[in-house]
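Structure, as structure tokens:
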Amino acid sequence: MKDLLKFLKQQSKTEEFEGIKIGLASPDLIRSWSFGEVKKPETINYRTFKPEREGLFCARIFGPVKDYECLCGKYKRLKHRGVICEKCGVEVTQTKVRRERMGHIDLASPVAHIWFLKSLPSRIGLMLDMTLRDIERVLYFESFVVIEPGMTSLERGQMLTEENYLDALEEYGDEFEAKMGAEAVLELLRAIELEKEIEMMREELPSINSETRRKKITKRLKLIEAFFQSGNKPEWMILKVLPVLPPDLRPLVPLDGGRFATSDLNDLYRRVINRNNRLKRLLDLAAPDIIVRNEKRMLQESVDALLDNGRRGRAITGSNKRPLKSLADMIKGKQGRFRQNLLGKRVDYSGRSVITVGPTLRLHQCGLPKKMALELFKPFIYGKLEGRGLATTIKAAKKMVEREVPEVWDVLDDVIREHPVMLNRAPTLHRLGIQAFEPVLIEGKAIQLHPLVCAAYNADFDGDQMAVHVPLTLEAQLEARSLMMSTNNILSPANGEPVITPSQDVVLGLYYTSRECVNGKGEGMAFESVAEAEKAYRTGAAELHARVKVRITETKTDEAGEKVKTRRIVDTTVGRALLSLILPKGLSFDLVNQNMGKKQISKLLNTCYRQLGLKDTVIFADQLMYTGFHFATVSGASVGINDMVIPDEKYTLVADAEAEVLEIQEQFQSGLVTAGERYNKVIDIWASANEKVSKAMMDNLSSETVINRDGEEEKQESFNSIYMMADSGARGSAAQIRQLAGMRGLMAKPDGSIIETPITANFREGLNVSQYFISTHGARKGLADTALKTANSGYLTRRLVDVAQDLVVIEEDCGTFEGLTMKPLIEGGDVVEPLRERVLGRVVAQDVFKPGTEEVLIPRNTLLDEAWCDTVEDNSIDEMIVRSVISCDTDFGVCAACYGRDLARGHIINQGEAIGVVAAQSIGEPGTQLTMRTFHIGGAASRASAENNVQVKNAGTLKLHNAKHVTNSEGKLVIVSRSSELAIIDELGREKERYKVPYGTVLEKLEDAPVAAGEIIANWDPHTHPIITEVAGSTKFVDMIEGVTMTRQTDELTGLSSIVVLDVAQRPTAGKEMRPMIRLVAADGGDLMIPGTEVPAQYFLPGNAIVNLDDNAPINVGDALARIPQESSKTRDITGGLPRVADLFEARKPKEPAILAEVSGTISFGKETKGKRRLVITPAEGGDHYEEMIPKWRNLNVFEGEKVERGEVIADGPEAAHDILRLRGIHNVANYIVNEVQDVYRLQGVKINDKHIEVIIRQMLRKCEIANAGDSEFLAGEQAEVSRVKIANRELEAQGKQPATFERELLGITKASLATESFISAASFQETTRVLTEAAVGGKSDKLRGLKENVIVGRLIPAGTGYSYHQKRAEAAVKPAAEEAPAISASEAEQNLADLLNLAGSSD
């Protein structure tokens, strides 16, 4: 028996293949696969259930129906193996060959393969250079095509209708040949000589001028080269022989009642065979042409339906009106082969049950019901029972387990000890959704889960279910214990903060313990140790919140790393002293000597992990939880209706607001304000009233007045249960309390606009009918949103995982000096994220110098940990270059140094870590917390957005960034450049705030001047755009003719007159060509030049510009010549939340994107056309000038004669990522996407490390477009993988040849996934048909480099613990293979197996 097992093991080893290739099958290849031709459409005999001969289930072709038994029953048993029965012709062998043996159908007329015909772009059409429409007309017998023109005037491939064909026949007789149907296409394809075509097109390409024609020829050239290189022949796209799937893969099962359940494929095959046989008969009978044609067309249609039903025309339906499932449908979609069976499999040794709380468990334990454990660990139990001699055979062991003998439980305890199980909760959004625990046997039927891991699973106990999986092999147990154990997953992989932070009851309990109250029992006592304080509490001498003095002992680590004990007396409370008992040695008492809210506890755990390491943190977290639960019980905090205290001021505040609203209403009726203004003001009034009410309510709730020891009144924080819950962060928030005890406030309509009558009642008072009705809108919308959100978020995660799945850390250091420049993130002047948070856990790319010196502070390649970040802060460094995966030079992966710290472990990342998947999960997992709405900015929001000054928040020194300025007559600076920024820096040189200021800003302070907090340092007019002069002189009007190019207007209120330039459209014909401008001249009338240039100082005036000067008026530097009114920007919808993140990662172009300058140079405007203006940029160095047509309604930021830098904004709008990449480079686009994505997440309070977003961006930038091919084999304009081009260039440079140049390209994540090198990965993602068609034509081979491909072929993934296995294989492939064991063929193997089985049978 042993030999038998050994032999079976040897069999099951798969061939060690290096890759998978896909191609077109030639008719001969199909015949070589086949074991016989299927000639009849019959399936099985309905009486005997035996397969019909030569039918679709024929045993002669496909193999026997029963193991080792022929159909007629003449040969049975193993000894006749391999005999072919002379009576029924069936080979005696195993039934499983019916899963692998194929048949074939010889088609009476060739048929086009629908994939190569209809999947766009049509491969057959491209090959023949004909349109799809024409080819279809030939294939479906509507017109003829010329195959051999002979000496006639016809051309090969020309279409002829029936009439044209008959005319041509009369004219030329049989000089020429024209046919219809697939035969014609077949002959055309066969006539193509690939090599000649390639040569011709390669010669033709350089001489082509028209862009479209060049594109077309390049496409065709690529296709023909693909065919030529892969060895596929074009005529194989037309089928002459159709393969038939093995019958066990399209089963037919008899149901009771004489009916059959069958796979749709059988119906489709029957159709094909029927039509094929009929066509053969018709051809034998020499039937009339029209009948044969019709039959051929029907055959073509039936083969189309078999291969891909519904791609052409209506889908063929079965008896119950549903479309039949064709071969293509079998592999694509969520239910197809790839996603259903290859990527998602069901698992043995698993169970699921409801979860309940296990508050007494340790962090690494879970409670497993005995029943479940018994079932899951059965094989182990059987083995143990047999091993202990309690059962003689496996059967006996089985009986014992079924009877549940007492011994079984002892064995079960033994088996379970130290054997981790894995718990999983669906949906598994990130890797913390599966963790390993040690099982503890419990009574009952529910799994017990440790409360602290709920946050990671996102689990609650309202009926959630979880699945249990058992790792079987020793290796699997080892991995589960060392990598997946819940105690090893304390930090979140998304942001590196603890994920096992207490919540809810625990927080409430700890908060209650650490609160203090005035004049509590035992106040003022002093204790000589914590133990004494505890004793006082236990005996009731002092209560938990009493303010007392306690002497505590702390263990601290000094500079030398020695542990030193210190003792001191602190003012604290009894409760906090009790907390110090569970505080691990080495942490300071100050950490718990405060009100312990959720944030404080989280910080405490984080500090503990960073200072004391994993083990202490785990023990401490458990202790915190037990303590929290205990004191939450003791506190007796509960919610009663009287806890919701309504403030007395509420009613007066509401009455005041109502009065104000009435007043506005009257103003509106007397026509003083517009309807829009009234609406906005009313909303404002109610919003502020709501704020006031909630403030009054919170003041009321949060403090109470008590009598202290001296008999005086003293305010203390309230012990109101609802307030405590909200304040500690256990449950609820100020906004929710406001609805309970304040007023509900303004509600939104279903379309998102705000209803102007608010709900003034709260839940304690109760709502009346109309208020309740208004409330239902929001509630329903919320639920509908949630449902949509979940699906959308899941789909985003799927796309992200797919694009990043093959990114793995594969080397230690790529040695690049490149990196991203990190600065503190500043929004609206505030520092949102300081530099230390952005660079923590990164590697420095270039030496960082001490500010103002040449001394190296941080050497290159240092991993910045907490200590280094303190150094950065102390030396007030405000920017540094750190390594990033975006600039990593590793091919097909990244290096550890460019990635930096593994966030979930806290050290530099290991090789083989699948950072792509981690990044995708970290971004996708919080997706469900993001909103789905698009915000309309209307009313209140848009009014606030028109800023007109900068008010500083911190005192410091003023600095200007890329700003040009002139000094006006008052000595103030006027900014004359775009995209200038002001920064405020403190005395250490750290940047505190930063503001963008527009052109024409007047600064109140000079550069490097000190500013005070709250000072206004810059002003500008938000509604008009000035034109500032840079020289002093007097004005001279050119082409300014009243009534032709301008008009004079007088303001009624002020009596001042101003000149308004007319828009081109409004001018009379005489003024159409004129260009009104103001020239500045010196006193003698000579032209003035702009300082430092040879350009005369003249300013062109665009339409609608307002000039407040007269001709020949004197003017100073920095004065405004003219003002251009800005239309208030239309209220744009701001896409927020999930859709915004998806847009960024899909790199979608916004509707009206900002227009950026393509080159650096000087702006001028050319001749205008209808509705558009022509913008011309002339580069300073000479060279071609660049022109662009811009619609008139776009607000331009530039005037004639102004200089712009490449990539500067010319017309406002949302910027398109593609433009940023093209004009400002890869680092800018990376920063843009990272910051925009982070903005969305930050708004929801979700923290994600920038690294993860950068990983996805790296994958979006994988491809490039070849600009100049050099000596490489790429084509210009071709899309190629960057690493491929880099490798090819290295080889070319080594040979001293010309390398290819390329432009990086930004692809959206869906596009990038579909464009990966691996066709298996792309096909299992989306658009399966298109991907496989393209791969087959190019004869692509998949090197199985990514994770997905390896999962699909059933290997270990090349990441994590499977990384070394793949490394070894790669090394083995490089070394010549050692002497292999003699290969054994399948037939020999079966022979050996049979002999062994016979031996085994006889020895029983």
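Cβ coordinates are placed from backbone N, Cα and C, and glycine is handled just like the others.
If you look up Swiss-Prot, you'll see Cys70, Cys72, Cys85, Cys88 marked as Zn(2+) 1 binding site. For Cys70 (Zn(2+) 1 binding site), other Cβ atoms within 10 Å of its Cβ number 25. Cys70 (Zn(2+) 1 binding site) falls within neither a helix nor a strand when secondary structure is assigned with DSSP, and so counts as coil.
What Swiss-Prot lists as Mg(2+) binding site is Asp460, Asp462, Asp464. Over all protein chains present, the Cβ of Asp462 (Mg(2+) binding site) has 6 other Cβ atoms lying within 10 Å.
Mapped onto three states, the DSSP output places Cys895 (Zn(2+) 2 binding site) in strand. Packing around Cys895 (Zn(2+) 2 binding site) is summarised by its Cβ count: 22 other Cβ atoms lie within 10 angstroms of its Cβ, all protein chains included. Sequence annotations record features per position, and here Swiss-Prot assigns Zn(2+) 2 binding site to Cys814, Cys888, Cys895, Cys898 based on sequence analysis.
Secondary structure at Asp460 (Mg(2+) binding site), as computed by DSSP, is coil. A distance of 44 Å separates the Cα atom of Asp462 (Mg(2+) binding site) from that of Cys898 (Zn(2+) 2 binding site). According to DSSP, Cys85 (Zn(2+) 1 binding site) is assigned to coil rather than to any helix or strand. Rounded to a whole number, the distance between the Cα atoms of Cys72 (Zn(2+) 1 binding site) and Cys888 (Zn(2+) 2 binding site) is 68 Å. Cys85 (Zn(2+) 1 binding site) sits 63 Å from Cys895 (Zn(2+) 2 binding site), taking the C-alpha atoms as the reference points.
Cys814 (Zn(2+) 2 binding site) falls within neither a helix nor a strand when secondary structure is assigned with DSSP, and so counts as coil. It is 38 Å from the Cα atom of Asp460 (Mg(2+) binding site) to that of Cys898 (Zn(2+) 2 binding site). Long-range Cβ neighbours of Cys88 (Zn(2+) 1 binding site) (same chain, at least 6 residues apart, Cβ-Cβ under 8 Å): Arg53, Ala59, Arg60, Cys70, Leu71, Cys72, Lys74. Shown are the binding-site residues Cys72, Cys85, Cys814, Cys888, Cys898; of these, the residue with the fewest other Cβ atoms within 10 Å is Cys72. Here the CA atom of Cys895 (Zn(2+) 2 binding site) lies 41 Å from the CA atom of Asp464 (Mg(2+) binding site). Of all the binding-site residues listed here (Asp460, Asp464), it is Asp460 whose C-beta has the fewest other C-beta atoms within 10 angstroms.
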